[in-house]
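Read through the structure below, which is laid out as structure tokens, and then see the notes.
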Amino acid sequence: WKKLYLAHHWPVTVCKMTANDCQDPPKYWTIHGLWPDKGEDCNRTWHFNVTEIKDLMSDMRHYWPDVLHSSLNRTQFWKHEWDKHGTCAATLEILNSQKKYFGKALELYQHIDLNSCLLKAGIKPSSSYYKMTAIKEALTKFYGVTPKIQCLPPEEGEKAQTIGQIEFCFTKELQLRNCAALKGGSSAVQTPLKLGTEELSVCNDTLPTYYPSEVQ
């Protein structure tokens, strides 16, 4: 693999996407995962062990919660992320243990500080719509790179898409880089995120964009 995606998702949108027991989702962007751009389930014998990340637990629960299942002791989401993506990321020395993988993802999340960046740009959950180009410009100006932004397409009879996920890309040296695929390079992560029946896909630049403050 050549790059890593640090995916943030907006819990309110995630809750809107699927039948689940979402209760009172966090009102801040949380971590979805840290994903190499190629490869999945790279080592099926390397099992997730929650005791390896026990020092990270309070941060994990806060910044990387299982939005869809609100009970606190659920580790299923982290196990899934480790099995599918962590075992692949572990070819890098800085990510070659569960503690390093989850710890580094938390560090990158703090470093990006997406929540305060959006607030500084005046982009906050609202009942009025945003222009996708304005959101993109604000992020690009702030970070110097273009992230990948995913939305829920408009539902029947709606005109607006709903912002759901923002992914930042990093080199193997963990430097920020543009997410745009280089010409001719296809990537395994481009498959849309599917939750329930609805799925996120790259936002449409021309559609009004809804950034919801509560689950409708």
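Note that Cβ sites are derived from N, Cα and C of the backbone, with glycine treated the same way.
Keep in mind the model is a prediction, meaning the values are calculated, not measured.
Among the features that TrEMBL reports, active site is placed at HIS32, GLU81, HIS85.
If you take the Cα of HIS32 (active site) and the Cα of HIS85 (active site), they are about 11 angstrom apart, rounded to a whole number. Counting only residues at least six positions away in the same chain, the Cβ atoms of GLY33, LEU34 sit under 8 Å from the Cβ of GLU81 (active site).
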